[in-house]
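> Just passing along the structure, written as structure tokens.
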Amino acid sequence: MTKRLYIETVGCQMNVLDSEMVVASLRRDGYELTSDIELADTILFNTCSVREQSENKTYSALGRLKDAKTKNPHKIIGVLGCMAQKDQRLIFERAPFVDLVVGPGQLKQVPELIAQSQAGAGQQLAVSLQRTGGSSDVVKRSHETFDPLRDPTMRPTPFQAFLRIQIGCDKFCTYCVVPMTRGPEQGREPAQLIEEAKILADQGCLEITLLGQTVNSYRYRHGDGRSTNLAELLHQLHEIEGIRRLKFVTNYPKDMTAELLTAVRDLPKVSPYLHVPAQSGSNEVLKRMKRGYTVEDYREMMDRIREHLPHPSLASDFIVGFSGETEEDFQKTIELVEECRFKNSFIFKYSERTGTKAANLLPDDVPYPVKQRRNNELLEVQNRISEEENHRFLGATVEVLVEGPSKAAVKREESGETTVTGDSPLQLTGRTPCDRIVVFEGNLRQVGQIMPVAIYDVSAFTLHGAVVTEHVGPHSLALLT
Ligand code: SAH
Ligand code: SF4
Ligand code: F3S
């Protein structure tokens, strides 16, 4: 009998990729995916711990499953990912009906753990082994990976995939749980990455996004003493036939080297999109965050980027309301955002995480309403800049990788308002190499193609355009990305 799996993923792209691999491994065990939680034999949550809100989401979703488990004790409920690593026993305490808790480094064992739980369902034994085993079952720090196991149906689209080049993080910013949940930084071996990228290309992937917590710090030390860095890896991946676009996220400001920027400039498949979180514009705050750079360093890095790349597309992350952040500190963050003119910024209210250095040593002393106000204020500044920056695309032709129907078009079809066939006109969405979202009229047959689109309208988050039908040379397309 087919077994049905329901999986819900929160958190970053690492988790999206991990879920893809868990699904691939369970398919080999005869599982099929279902989007109906009621029908599932196994329910998995792939979780995130980066902010309290992310954890609360998972705890409330788990709370809703209590009755389902009482009605059907054979249902297996598993918590995977960062929260599983960080909270371990707390999850069993708060949700005693959970069968499995598996950290991100042990996901390879999921099929075997599910089988064990199923075998023990009537007898309690195997289940209680999972429950009481504690850290011997949820082994820490042996961060193995099983990336080559892939499942195209779990990707953002069939022609876009993630490729993890780096595991873990060694930076230990004082506010952050990631070094604890994902373990120490390790670069994966280039030969393995090339092989995996070739498999992805053979499966029809046009765009690969390389993943790492500090992806530009990537380094692999070979047995003979040589080492490979991200610039060199990009050169190697660039050779792979079929791959049309390469992106990499997320960057660490201190490691944005001239060599890497030169590779981004010289390799046409590499996107000029650089997501380099600044976190704050105040040196005092950066110091308390232990980010390892000053605002002056960040500015220098920006200058270096602009020296190398004619049209960089820059993005950042900011935390507002970190311990001790004054109004003056916050104004410095606003100034930095005004100056850097990011395409977009992800803005977060500081959320104290147990086990971090900040939680142990620094008071969470900015009141919530102040965090909220600073968040809104910074967002407003960023949104204005995003819209202004998008204005330079008016009248330009951009190269769009068509991802599929736009959200509005999907809604219309789901409500029965429209029925879409291969040829019918349809609102599509896609992305430029610089990671801007483009909405335009097209048809289903264009999905998965790279097409020239002329832009006639822009907002802060979207470019609106129309497909250019006459031939446009690759040179003019490359001009505006
Ligand atoms: N490795 C990436 C970011 C990982 S977490 C990097 O270093 O760039 C993604 C973002 O979440 C961070 O950039 C930070 O802005 C935010 N974040 C991390 N910990 C947080 C916390 N405790 N409270 C609020 N935001 C946090
Ligand atoms: Fe967290 Fe800092 Fe590592 Fe990013 S670099 S994952 S913010 S510790
Ligand atoms: Fe969250 Fe873990 Fe990613 S804490 S942001 S899922 S690395």
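Glycine is no exception: its Cβ is also placed from the backbone N, Cα and C atoms.
TrEMBL labels come from automatic prediction, so no person has curated them.
Features from TrEMBL:
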BINDING   C12, C48, C82  [4Fe-4S] cluster 1 binding site
BINDING   C169, C173, C176  [4Fe-4S] cluster 2 binding site
DOMAIN    3-119  domain 'MTTase N-terminal'
DOMAIN    155-388  domain 'Radical SAM core'
DOMAIN    391-469  domain 'TRAM'
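Each of the listed features needs to be described in terms of its position in the shown structure.
In this structure, C12 ([4Fe-4S] cluster 1 binding site) belongs to neither helix nor strand by DSSP; it is coil.
The DSSP secondary structure for C173 ([4Fe-4S] cluster 2 binding site) is coil.
In the domain 'MTTase N-terminal' (3-119), helix, strand and coil residues by DSSP number 64 helix, 25 strand, 28 coil.
Taken together, the residues in the domain 'TRAM' (391-469) have a mean pLDDT of 90 on the 0 to 100 scale.
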> Here are some binding-site residues: C82, C173. Which one has the most Cβ atoms within 10 Å of its Cβ?
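Result of the Cβ crowding comparison: C82.
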> How many other Cβ atoms are found within 10 Å of the Cβ atom of C169 ([4Fe-4S] cluster 2 binding site), counting all protein chains shown?
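Excluding its own Cβ, C169 ([4Fe-4S] cluster 2 binding site) sees 21 Cβ atoms within 10 Å.
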> What same-chain residues, at least 6 away in sequence, bring their CB to under 8 Å of the CB of C48 ([4Fe-4S] cluster 1 binding site)?
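Listed in sequence order, they are V10, G11, C12, N15, S54, E55, T58, G81, C82, M83.
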> Could you check the binding-site residues C12, C176 and say which one's CB has the fewest neighbouring CB atoms inside 10 Å?
C12
> Filter the candidate list C12, C48, C82, C169, C173, C176 of binding-site residues, keeping only entries whose CB is under 6 Å from an atom of ligand 3.
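Once distances to ligand 3 are taken from each Cβ, C12, C48, C82 fall under 6 Å.
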> Near ligand 2, which of the binding-site residues C12, C48, C82, C169, C173, C176 are found, taking a Cβ distance under 6 A to any of its atoms?
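The binding-site residues passing the 6 Å Cβ test are C169, C173, C176.
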